[in-house]
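Structure record follows, encoded as C-alpha cells.
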Amino acid sequence: MPCEGCMERDNKSTDPTMEFLLLGFSELLCLRVLLFLIFLIVHLVTLAGNVMIFIAVVMEPSRPPMLFFLCQLSVIELCYTLVIVPKALLSLIVVDGSTISFIGCAAQMHLFVALGGAECFLLVAMSYDRYVAICQPLHYVAVMSEGLCLRLAVACCLGGFAVALGLTVAVFRLPFCQSRRINHFFCDVPAVLHLACTRSYTPELPLLAACVLLLLLPFLLILTSYVCIAAALLRVTPSVGRCKAFSTCVSHLAITLLHYGCATFMYIRPKSSYSPAQDKMVSLVYTNITPLLYPFIYSLRNKEIRGVLRKMLKRKKTAQLN
C-alpha cells in the first residue's frame, strides 16, 4: 500500500544528505515533563543495574559459562539503551520533534537490529548451556570450555550485525515519501517502512527474512533445547532434584519470553496493520522496561550472580573499613 499522503516518488528520497523528523511523543504535550523524568530515571537505573552486573562478573576470577553469557547480555543491554534512549529523551525536550540525518537514522536502525539480533542468538547459546548442564552434566566442563564460550559470543555478535546490515541496506534503498515525518521516537523498521512509496509488499521481504533468521530459527533452537531438558528432567526420580535443576532455567526462560514476546508482536505482521500509537507503546516497553527488568531477573533468580554480587559488596565493605 502507498504511504500516507504520498502521490509520487521522490527522486532524491535516498539522498544521504536528507533528514527525517522523529515526532516522538509530540501529541502528549501535557505529559512531556513527566515522561522525560520517568524515562530518565528508568534509563539511569537500567544503566546502573547492567553496569553493576558487568563489573561483578568481570571482577570474579572464576567465571562459569552462564556468568560469561550474562556479562555479554549486560553489555548488549547497555549498548541497546544508549542507542535508543538518549534520542527519545531529546524528542521529549524538543516541542516539534527532533531531526535525524539519513545516515544517523540508518546507523541507529542497524545498531538496534544488530544488538537485538545478537541478544536472540545469545539466548540460544544460554539455552545450549542449560541443555549441556542438565542433560550431560558429566561432560559439562569439557563441552562448555572457555574457547567454545568465546566463539559462541563472537558468533552471536557477528550474526546479529550481518543480518542487521542486510536489512538496513534493503530498507534505506527504498524511495521515501515527500513527507519524512517518522511517527516514532527512534528509527524503528516498521516506522521507516511506513514511509516507503511503494504499492507492493516487496519491501517487507527483507524484514520477513530477518525475522526468520533472528526470531524464528533461534526460538526453535531454544524450544528444542527445552524439550530435551524437559525429557531429561522427567527421568529424574526425586522431585526435589527436578525442581532444583529447573530453577536454574527460570531466569533464562523469563528473559526469553520477554524478548521474543515483544519482538514477535512488533515485527511479525503485515505493513497494513501498522499502528503508530500502538507501536510506540510496545517499543517503549521493549526498549525501556525489559532492559530494566533483566538485571533484576538474573540477580534475583540466578544463584551464581547473587554469590558474585555478595562477594563484590564484601570486598567493598572490607576496603572501606581498611
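Cβ coordinates come from backbone N, Cα and C, glycine included.
TrEMBL entries are annotated by machine, without manual review.
Taken straight from TrEMBL:
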- 33-59: transmembrane segment (TRANSMEM)
- 49-298: domain 'G-protein coupled receptors family 1 profile' (DOMAIN)
- 66-89: transmembrane segment (TRANSMEM)
- 109-128: transmembrane segment (TRANSMEM)
- 148-172: transmembrane segment (TRANSMEM)
- 207-234: transmembrane segment (TRANSMEM)
- 246-269: transmembrane segment (TRANSMEM)
- 281-300: transmembrane segment (TRANSMEM)
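Of the recorded ranges 33-59, 109-128, 207-234, the transmembrane segment (66-89) has the largest number of C-beta contacts under 8 angstroms with 33-59.
Outside the transmembrane segment (281-300) by six or more residues, the chain places 39, 42-43, 45-46, 49-50, 52-53, 70, 73-74, 77, 80-81, 84-85, 88, 184-186, 188, 251, 254-255, 258-259, 262-263, 265-266, 306, 309 with a CB less than 8 A from a CB of the stretch. Of the recorded ranges 33-59, 207-234, 246-269, the transmembrane segment (109-128) has the largest number of C-beta contacts under 8 angstroms with 207-234. Restricting the average to the domain 'G-protein coupled receptors family 1 profile' (49-298) gives a pLDDT of 85. Residues 73, 116, 119-120, 123, 126-127, 130, 133-134, 188-190, 207, 210-211, 215, 219, 222, 226, 229, 233, 279, 282-283, 285-286, 290, 293-294, 297-298, 301-303 of the same chain, all 6+ positions outside the transmembrane segment (246-269), place their C-beta atoms under 8 angstroms from a C-beta of that stretch. Remote same-chain partners of the transmembrane segment (207-234), defined as residues 6 or more beyond its termini with a Cβ less than 8 Å from a stretch Cβ, comprise 113, 116-117, 120-121, 123-124, 127-128, 130-131, 134-135, 160, 163-164, 166-167, 171, 189-190, 193, 242, 245-246, 249, 253, 256, 260, 263-264, 267-268.
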